[in-house]
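A.B. asks: First the structure, which I've put down as structure tokens, then a few questions once you've had a look.
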Amino acid sequence: MADPAGTNGEEGTGCNGWFYVEAVVEKKTGDAISDDENENDSDTGEDLVDFIVNDNDYLTQAETETAHALFTAQEAKQHRDAVQVLKRKYLVSPLSDISGCVDNNISPRLKAICIEKQSRAAKRRLFESEDSGYGNTEVETQQMLQVEGRHETETPCSQYSGGSGGGCSQYSSGSGGEGVSERHTICQTPLTNILNVLKTSNAKAAMLAKFKELYGVSFSELVRPFKSNKSTCCDWCIAAFGLTPSIADSIKTLLQQYCLYLHIQSLACSWGMVVLLLVRYKCGKNRETIEKLLSKLLCVSPMCMMIEPPKLRSTAAALYWYKTGISNISEVYGDTPEWIQRQTVLQHSFNDCTFELSQMVQWAYDNDIVDDSEIAYKYAQLADTNSNASAFLKSNSQAKIVKDCATMCRHYKRAEKKQMSMSQWIKYRCDRVDDGGDWKQIVMFLRYQGVEFMSFLTALKRFLQGIPKKNCILLYGAANTGKSLFGMSLMKFLQGSVICFVNSKSHFWLQPLADAKIGMLDDATVPCWNYIDDNLRNALDGNLVSMDVKHRPLVQLKCPPLLITSNINAGTDSRWPYLHNRLVVFTFPNEFPFDENGNPVYELNDKNWKSFFSRTWSRLSLHEDEDKENDGDSLPTFKCVSGQNTNTL
């Protein structure tokens with residue numbers, strides 16, 4: 001019967017790297033037998049006499065050796081043991097793989113014979129717990145290797161901190177007496193793995209504690225927390241845990257292309273390298289963007305990082321960054337941020353000053369800003385370049401300061417406007433508008449509506465002069481004829497006030513006219529005309545009227561020129577006969593034209609109105625002051641900041 005395929009599994013018959021081979025003796029009957037192979041001869045054992053070790057001879061030989069040879073042998077053994085300790089400490093143990101420990105101990109050749117294809121591709125791990133060199137770190141938490149010696153002397157342990165952990169070894173040696181001995185104590189302590197820290201209930205608290213333990217300062221003392229991950233900022237403070245030494249050394253090179261300023265500190269611990277960064281990026285970034293960037297560059301998990309913006313107004317924090325930046329424990333790249341220089345450099349301390357409200361009021365006046373919120377926002381933006389604005393931000397009464405500034409600015413603006421004539425006011429407004437307008441756009445629009453240009457100029461001249469019975473112009477027409485567009489464009493250019501009849505139930509609905517050079521009432525309806533006919537006849541005449549103003553007694557003033565738009569021609573309607581001679585009516589019968597793209601055919605903007613008034617200046621009888629010299633400004637420059645005396649040496 002044929003033998004079965006394969007092997008029978010008996011010892012020595014498989015393909016294990018070696019084989020049992022039996023000797024084949026070819027001998028026939030009658031052949032001469034060699035004396036060496038005579039099986040009939042008796043074995044007396046005399047041929048093995050030379051291989052027997054005689055203990056007496058060995059002891060005799062040992063006694064004859066010199067003391068120098070014994071010392072040399074013992075010293076060589078001591079050196080071999082010391083080298084072995086270093087190898088076991090710094091070289092990777094062959095038993096690092098737990099699953100292969102048993103096979104490796106039985107026979108290294110068995111592991112070499114493998115029919116499976118092993119993958120040798122390099123795998124990049126975020127956290128790798130390396131073997132310390134003393135055997136199976138995961139199995140043996142504490143291994144003691146002792147060699148008998150005459151004295152037990154311990155030396156301090158040396159620690160090496162790598163990617164996520166390190167090892168600890170103790171070496172002790174001694175000499176004296178009759179013999180030589182040494183003791184090697186190899187102590188493997190349980191390592192605090194960064195992954196185990198992240199699995200705790202409060203990983204951030206553990207990282208904060210470790211940071212304070214290493215750097216001696218609390219991380220929260222250096223940063224101001226951002227609750228939202230979407231909040232953007234250019235300056236960021238970053239603490240990263242569990243970095244490898246090679247990456248920690250290359251951070252400066254990796255981040256230079258992204259930042260303008262870089263401050264790096266790195267310390268080693270049982271978690272690995274802990275790096276503290278102060279970074280000023282080239283553009284504003286949020287926390288999520290920084291996490292994605294650093295997790296790729298530094299090969300660290302976002303959970304192992306604390307990212308917050310630094311404290312910009314803390315002198316203690318600024319001094320910390322300044323002192324560590326000039327020491328040898330930090331690497332610095334780029335120019336120092338201004339918020340550090342402002343609090344640490346002596347010259348910046350000299351430049352600090354107390355807040356002066358007059359400077360803030362002068363700034364608001366020069367920029368024509370009278371709104372509280374706009375003043376607060378725009379003046380705070382000047383803190384980096386304006387010392388008075390910086391002092392304003394340090395004040396604890398910013399709201400009161402802003403309110404006082406806006407109030408004073410409005411007072412100055414109101415007084416300035418009140419002392420100007422209509423000609424001065426139009427010139428003042430023209431100086432604040434760029435050139436390049438076309439006055440013909442306004443003329444063509446009036447002709448399109450059938451308004452004679454010369455009659456409009458005559459009415460406008462009397463309107464601006466405030467002549468009684470000519471102090472009010474009515475733009476009458478159907479819907480969508482451009483009445484409101486024409487009137488609003490003129491109000492915007494002359495910075496007039498607009499009132500609305502919807503507020504007529506209030507006693508103060510006419511208050512905007514008290515501080516205006518020109519006013520407008522848009523879309524007057526029948527109730528509005530009834531109210532005007534009953535209460536505002538003197539106002540339309542341009543005479544003195546009594547007006548109720550908030551927080552002030554009744555104010556007596558002359559009503560400014562008033563422009564009214566309406567779908568009702570009150571100048572001819574029989575319901576209001578007493579308004580007929582008080583209104584100058586212009587009718588707009590045609591619908592306002594637009595081109596195929598939806599843009600107005602006639603542009604009514606500030607530039608065109610400036611060109612219009614400049615072109616018709618003499619026809620409108622607008623005269624400038626005669627004392628104006630060399631085309632200078634007719635109005636002196638307002639200055640509310642007190643003068644400063646020059647110190648003389």
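Just so it is clear, glycine is given a Cβ too, placed from its N, Cα and C backbone atoms.
Okay, these came from Swiss-Prot:
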MOD_RES   Ser93  phosphoserine
MOTIF     106-115  motif 'Nuclear export signal'
MOD_RES   Ser107  phosphoserine
REGION    186-352  region 'DNA-binding region'
DOMAIN    451-601  domain 'SF3 helicase'
CROSSLNK  Lys558  SUMO cross-link
REGION    624-649  region 'Disordered'
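Just tell me what is around each of these and how deep it sits.
C.D. replies: Mean pLDDT across the motif 'Nuclear export signal' (106-115) comes to 54 in this model.
Lys558 (SUMO cross-link) carries a strand DSSP state (E or B). Remark: Lys558 (SUMO cross-link) has Gly466, Gly542, Asn543, Leu544, Val545 as non-local neighbours, by Cβ distance under 8 Å and separation of at least 6 in sequence.
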